[in-house]
Amino acid sequence: MLIRLKPHRLKNTRDGEMKGNLRQQLNTSGSRRATGEEKLASNMANTSTQEVIENGEKIDVMYISIESTIALASVLGNVLVVLVVAKNQGLRDPTFCFIVSLALADIAVGVLVIPLAVVISLGLMTPFYTCLFISCLLVMITQSSILSLLAIAIDRFLRVKIPTRYNTVVTQQRAWVAVGMCWILSFLTGLVPMTGWHRSPPQNASTELIECQFINVISLNYMVYFNFFGWVVAPLTIMAGLYAEIFRIIRRQLNRRAEATSDSSKYYRKELNLAKSLALVLFLFALCWLPLHIMNCIVFFCPKCIVPRSAFFVGIFMSHSNSALNPLVYAFRIQRFQDTLCQIIQRFVLCRTSTSPIQHGAGPIAEKTQATTERQ
């Protein structure tokens, strides 16, 4: 049986088919557009990722270059410090025993600390306790620098406080014993995190590898309370007080020109010049190290505060560069050190024969002090 559709029903059917085709075309076009947008987004994401990787590589290259330069300057400069003291017997004063100790710590920064910091920055994967020990080494060397500076300040204080008895109280042998005690104490305090004061290790700490970062293993509790307040702020405060008293005593003695002999006046002027140079070394240490410790305190006491990563990098650079600054202070501020350094460079670097031999007599620091008066 044939069924004839009425004209209006046929028209409705055709209209429905046309609308369906149009809807299908729109859906197809929309899906194509969506696919195109997804591809565009994917391409943009890949481009952004590639740019991030390239920028990261550039930052790594810049970081490694700066650290390598600082390490080279630290090692060369402080090796020269040790050579100057070894070549000139007039500089083998107890004070320079502690300066050699400080130079050895700065050499260790260039040889150990900076290379380890570079390796860690590249995302080295190590067991937890291996990374913890590496981080403890960095703390040890910092502690040895601080204790050497403290020993220098105490030595200079005794030099002006008891000038007539100084040579019998502070001998070279006792100075080297004090240097050994400084290093032993720095090792003991640096290894405190190994006893348990560290971040929680993973369950399989002996086998599971972690990304070796200082903040992943060292507790901020330890860095702020023990390391900063106990072994940075306290020694710096003591040293500031000692140098203030040193300058007060020297100024008072120099103001007594009517009572003081010419020898004692000359002695205290030399002590004043040397004290200024060593106080400058202390100031540079505080200037270079305090920013990094202050940022640690900000992160610890204000978890919501954001310290830019670039600021931490600057703080790290400043702390490491301190090791390269001390030889410059000695070379430009201590005349006898400068003279010996120039002779060593002429003889061993430029291969020229110096017209004046390296003097081995007693320098301005090692001269006898019995002629001075002990007026306190």
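Cβ atoms are placed via backbone N, Cα and C, with glycine included.
TrEMBL annotations:
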- 61-84: transmembrane segment (TRANSMEM)
- 77-330: domain 'G-protein coupled receptors family 1 profile' (DOMAIN)
- 96-120: transmembrane segment (TRANSMEM)
- 132-154: transmembrane segment (TRANSMEM)
- 175-194: transmembrane segment (TRANSMEM)
- 228-247: transmembrane segment (TRANSMEM)
- 278-301: transmembrane segment (TRANSMEM)
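Nonlocal intrachain contacts for the transmembrane segment (228-247), taken as residues 6+ away from its ends with a CB within less than 8 angstroms of a stretch CB, comprise 143, 146-147, 149-150, 153-154, 156-157, 160-161, 189, 271-272, 275, 278-279, 282, 286, 289-290, 293, 296-297. When each of 61-84, 96-120, 132-154, 175-194 is checked for Cβ pairs under 8 Å to the transmembrane segment (278-301), 132-154 comes out on top.
Residues 94, 97-98, 100-101, 129, 132-133, 135-137, 139-144, 146-148, 150-151, 155, 217-219, 222, 226, 231 of the same chain lie 6 or more positions beyond the ends of the transmembrane segment (175-194) yet place their CB under 8 Å from a CB of it.
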